[in-house]
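Visitor: What TrEMBL lists as domain 'J' is 306-375. The feature transmembrane segment is assigned by TrEMBL to 7-27, 33-52, 89-107, 119-139, 219-238.
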Amino acid sequence: MTDRKSLILTYLFSLTAGVFGLHHLYLGRTQHAILWCTTFGGFGLGFLYEFFFSIYKYVQEANEDQHVLNHYKLKMLQRKSPSFEIRRFCGQLITSIFYGFITYYAFPDNWHKQPLLALLAGICTVLAIAVGTQMVGTLGPRQCSFLWPLLGALFGLPLIVSRNESSSPSFNLSAFLCSIFFEWQVEWNPTYFSKLIINKESQCSIPPKRKRRHFVQRCLVFGLGIMIFGTVFTSAVYQNLQVDIKGRRVKVKDVLSEFFKSQEFLLLYQQILNILRQLWTFYLRHGLKGIWTKLWMVLDSESEKQAYETLNLQYGASQKQIESQCRALSRQWHPDRHRDPKEKQNAESIFMNIQQACDRLSTERQRRHLLNTQKRENP
């Protein structure tokens, strides 16, 4: 590989935004980056473990170090499938339960009381459980058909769908069976490394035609994964978050629903619509340039008003009044008239504001005089 990854940069990315998977995105481990970002760094524990024990190995894998290739080549020749890892198995269980939990509660409560809608929510939940198992299980040179973890998760569907009002759904059995089915069918992924494919008959490696994803592609995949998770997570929070109002627990969605039906919101909505209509009409007449010019004039006018306030003058004061006030305030707040260090520092700040206000109004008067002259000459 020509694009070698730096160990120092990897640690730097891990320290700055490791819980969001930035270092994994840098190393080309897009799946791991999505997993870290959606589980907040492997629920904190995974991030800490890899920071102290695994990052060096990840960099070696990304660079396809010869020692790593030889290590996995030997493993693939010795065993038909990867060995069971208790740490990975626990990660699969926790992640799949978490994904299933937020997916289930992302649906409205009334869905879980209607058979068909409850079944749809349950199927989406077991799908999320299978995705969590698959994502953790296939990190590294491992692969498994998604159908197997999905089949295992489906066996736990009855405990998710058929719940009573007094009981909560159970995701444990579905997650456990999902992980068991995955471990049963997991195998080596010989194309994980672009320089290594095992041919058991000749006992040699054959270079495959495989290319790593471009960084932009990885970012797009990462963004899509985070967008999907963010939508589900936001829905789960919206459907279930509660606040305390006068000693009574009320769901946020109910509060928002009442707000959107209130007279205040309807009035605000009408005002916003009127502003948008006026803005659209102005755009049709004057275009984007006209909008920008109008906006600049409004901001310019506000700046001019602040300058009058700084000089303690009425808006629209004459040029003579402005010049007289500028001279008087400049003498009063000149730093040389103050000897105390604190007073001198304060006077310097006020003096600078006065000078800026005087310059601002003088420039504005000159600009307006020039515009009026041009209009008289070119009516």
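The backbone N, Cα and C atoms fix where each Cβ goes, and this holds for glycine too.
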Visitor: Between 0 and 100, where does the mean pLDDT of the domain 'J' (306-375) sit?
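Guide: Result for the domain 'J' (306-375): average pLDDT 77.
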Visitor: Summarise the domain 'J' (306-375) as counts of helix, strand and coil residues per DSSP.
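Guide: Output for the domain 'J' (306-375) reads 57 helix, 0 strand, 13 coil.
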